[in-house]
Amino acid sequence: MKALLLDAWRGARSRSASTFAAVSGLMVAMAACSIVALLAVALAEPDPTIADPERIVLLDMKGNPPGQPSPWFTGSPLSFGTMLKERRVPLDLISRTSANGLDIDIEGRKQSALLLIADSDVVPLLSLTSLRGDLQSTLTRRDAIAITLDLMRKLWGDISPEQAIGRRIDARGGVYTVTAVIPDPDPRTPLGRANPMVGNAWAMVGFDSPANPMSEQELAAIFAINGRVFARLRPESSVDQVAGWMREAFKANPLYAQLPADWKAGREAAYFRGITLAQLPFEGAGNEQRWRLLGTVAAASALLLLMAAFNCMNLQTATLLQRQRETALRRSLGADGPQLVRLWSLEVLISLLLAATGALLIAWWATPAVATWVGLPPEQSVADPLPLRVVLGLAIGVLVLLALTIALPASMALRQPPAPALQGRTASEGPWGRRVRQALLTVQLSGVVLLLSLAGVLTQQQRYLLSLDRGFDTHNRLWLGVMVDPEAIPSMSAFTAALDRHPAIKSWAFSNARPAGDTEGPNELHVSRSQHRQVLRVTTVSPGFFSTYGMTLLAGTPTLGTGEAHVAIDEKAARLLGFSNPQSAIGELIRGGGGFLQEGSDVRRVVAVVKSVKLESARDPALPQAFLLSDKPQWDVTVHGNDLTTLRQTLDDLWKAHGPRLLYDIQSVDDQLASVYEQEQQLTTMLTAVALLSVGVAMLGAYALIADTVRRRRTELVLRRLHGADDVAIIRQLGLEFVPPLLVAAVIGLPLATWLGGRYLAGFVDRVDMGVGLVMPLAIAGAATLFVTTLATLRHVRQALAIQPIEALQP
Amino acid sequence: MIELTQVTKRYRTGQVETTALDRIDLQIEAGEYVAITGPSGCGKSTLLGLLGLLDVPTSGSYRLQGEEVAARSSRELAAIRRGRISFVFQSFNLVDEMTVHDNVQLALRYGELSGKAQRQRVAEVLERLGLSHRADHHPSQLSGGQQQRVAIARAIASRPALLLADEPTGNLDSAHGQEVMRLLRELNDEGTTLVMVTHSAEHAALASRGVRLLDGRVLVDTYADQL
């Protein structure tokens, strides 16, 4: 075996050029697959601190009011926790959790934290631990609070958890005693998602705590997703039963009778399900989109790996053909077929193992950066250590590639009789060998056409999304956001006065949402005097909001009222509320302020109509908009100036000098818009990267085919030259070898790209024009494929053109 | 037909310069049958390459049918060669992937004949060489003698004025060798000028003129009637 290994190693080394070409292509493709696999493992992994996640369920609900179906929320009304307990369903440790914000007053400043309100049973259920104190008893006491290490340090600096126990926290009008210090949450915890502004600064209280802002009515609601309910399945129960228990509890609740009749008539008002914590990483709109992204990149990487494997197979075929004499000699010395196959397999295995090792190194090095880029928290380890299943998967991949790579070339080489080769006469693999090579190149070129086309479609759509006219302007605008309880926003008059005075600021406005970044917001049913009923999305803004965002006023003036609420609506809202034109809406009263799809009693006077505005993502239709006018300070401040750098510095300085001591963040509004389409951008970038790698791999394939063609057809080319063929005739002869693969690649790749690109674009309400977004990328991809194929063949075409007819006289 | 004057051909490999042909003077009239002989490395194949316009001399003059061709470009040489000069090789130089028919037709591809005329011409030469029934075979399915007959068919398909044969019987047994020589003789009898490089004294004796080379120079140039 040792001798065989040495023999194989010498063989692989002696063909270093082909070994290098095969290894590098495979390594890149394997690295891409490994990175995707590592990301998938990291995303699929539930919080590792939780024991038995397959038996812990999360209750899930989605509303189904007529015409307003909602997605699964991976959450439910908290009342289900109480209802299921009362109904004695076979679930243990049923626990409710709800996340909120908490502003802690400390040393004249406010420290923002995420407040987690939870039942005490959540502690054993989710295997929560404390560094100091008793978390479970903390959640049963009204005056107690648990804090994370991060929050502890933000409040009191570098003290030990022991020193934190017993300290007082002043927040939301009450004083709470720290009775437990808990570790910072794992990024995968199902309890809540860390807000970038508060990080791991979390606090925990029980539902009976005065810090819990939820009313009894909110806790009892059956149609408001206001938290999460977890429970452990008893041994005899299964997750599939949870939906039935939830449905029965929902319908048995007295509030069910109060739901509008048309929500229930012959239909379900809501759907229910239970999902285990092992399934949770795959659920929810954000996760689903992320898995779609990863699935797409995984498919592209798998295609890349297949293309690289084809190159390896091609190179192996060519190598074994060149080694006919050596093979014949080995056979004459007594080597049988299996022994030769073993030798060749070992040679290929060495290449594959080199590629796999390189791929793992690349993946280990690059995955953390890619993971952070796709939004995984930096503290979540994705590649250190490399998960065993990824390494095993790669090992299986190597074995599959070995079989795929060696089977065809070996069977062909073993069919050659040894005698002619020993006499110096070597055989070609015949016309079928050429056809196989062309077929392999066809698949590679199809992959290139497909991936380049899709990358082009995605790029065009992305460009379109970022330049789409949404009825407001995002350039040269900065947003300043504060982390504070919306009910307790402190006075900002000194800050706003400074904004008014500063010459670098053209205008500014308060709002309770970021128009470029918040694609969802509260919706309220509004009724006009003509009894037109329309759900409007409602945003509270200061009067300067419209000029700050460059919105076009069609009628009226956005002014504040004295004693009555003033509202500005957009053109679409005006039309849907029954106003014949923008002007006719001015001065009219509309009624809103109700709950979800329910009439309210707040009367609002329309004082302005702006050109239609779209605050929703391009994936959703535009909702009609209402802007409630208020001069009260809000979470979000937007400023408009001429120069972004100056504006940023000015805003930062003014806030530090005149703003309240609150946690704040400054972003450009352009960046907020880009963040809405961040996943699309990531998909575009990743697909483009894989497409470019596929170009490299396919170029190797084309290179192999032309090299083989020139070698195989050398005699013929010499004879053609001898009989008067000029350069054009020689190029035509070589080009004919590539015409079928290119044509078939176009026939396979372009329709597939059209279909997939069309499917991608169909996911958007606002999509780029088909000519620019689909036809042009496809045309460019086709031309690029032709170009790179030509480029890959250039060297050998020049060699072929240099063939002299006198070679015919050489033996 | 052919007039070489003081033709020299030198090759340079690195620092080493080799003189393959050294100031050769040679005239060949139309219709002659010339056998070029000599030991290995004496310049036979180089001379054949020059005569066939596959190479150009380092110095000297080469007039073909009265036209100076020594300093022409490869494109011009290809145009002059097309249809006027043909070759028969020791190793046949048939294309394995092509049928016998296609191999022969290759010689006509770059000429003036239409496709139909090409096919007709191929059928004629295959008929003449007794290969019609092998038209759809591949070279690997033929014997050595048959392969060389295909090569001759290809060489005469364009009806060349000058046929150059490089050891045409080198890879053949004696019976097939005799057959090939008979064919070449026939072609010469029909008026084709024939220049053949051979190691075989027996085959050289069939020519009307013998040129013996040594170290790149003409050692002996004799006509059959002088022997």
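The backbone N, Cα and C atoms fix where each Cβ goes, and this holds for glycine too.
Looking at A:28-48, A:742-762, the range tied to transmembrane segment in TrEMBL is A:742-762. Same-chain residues lying 6+ beyond the ends of the transmembrane segment (A:774-794) with a Cβ under 8 Å from its Cβ atoms: 445, 448-449, 452-457, 459-460, 695, 698-700, 702-703, 706, 734, 738, 742, 745-746, 749-750, 753-754, 757-758, 761. Contact between the transmembrane segment (A:439-458) and the transmembrane segment (A:686-706) is supported by 3 or more Cβ pairs under 8 Å, counting only residues 6 or more apart in sequence. With helix defined as DSSP H, G or I and strand as E or B, the domain 'ABC3 transporter permease C-terminal' (A:300-418) counts 98 helix, 0 strand, 21 coil. The stretches the transmembrane segment (A:297-321) and the transmembrane segment (A:742-762) do not meet in space: the count of Cβ pairs below 8 angstroms, excluding pairs fewer than 6 apart in sequence, stays at fewer than three. Residues of the same chain lying 6 or more positions beyond the ends of the transmembrane segment (A:686-706) and with a Cβ under 8 Å from any Cβ of it are 21, 25, 28-29, 32, 293, 296-297, 300-301, 303-304, 307-308, 310-311, 314-315, 318, 437-438, 440-441, 444-445, 447-448, 451-452, 454-455, 458-459, 734, 737-738, 741, 784-785, 788-789, 791-793, 795-797. Regional average pLDDT for the domain 'ABC3 transporter permease C-terminal' (A:690-803) in the model is 90.
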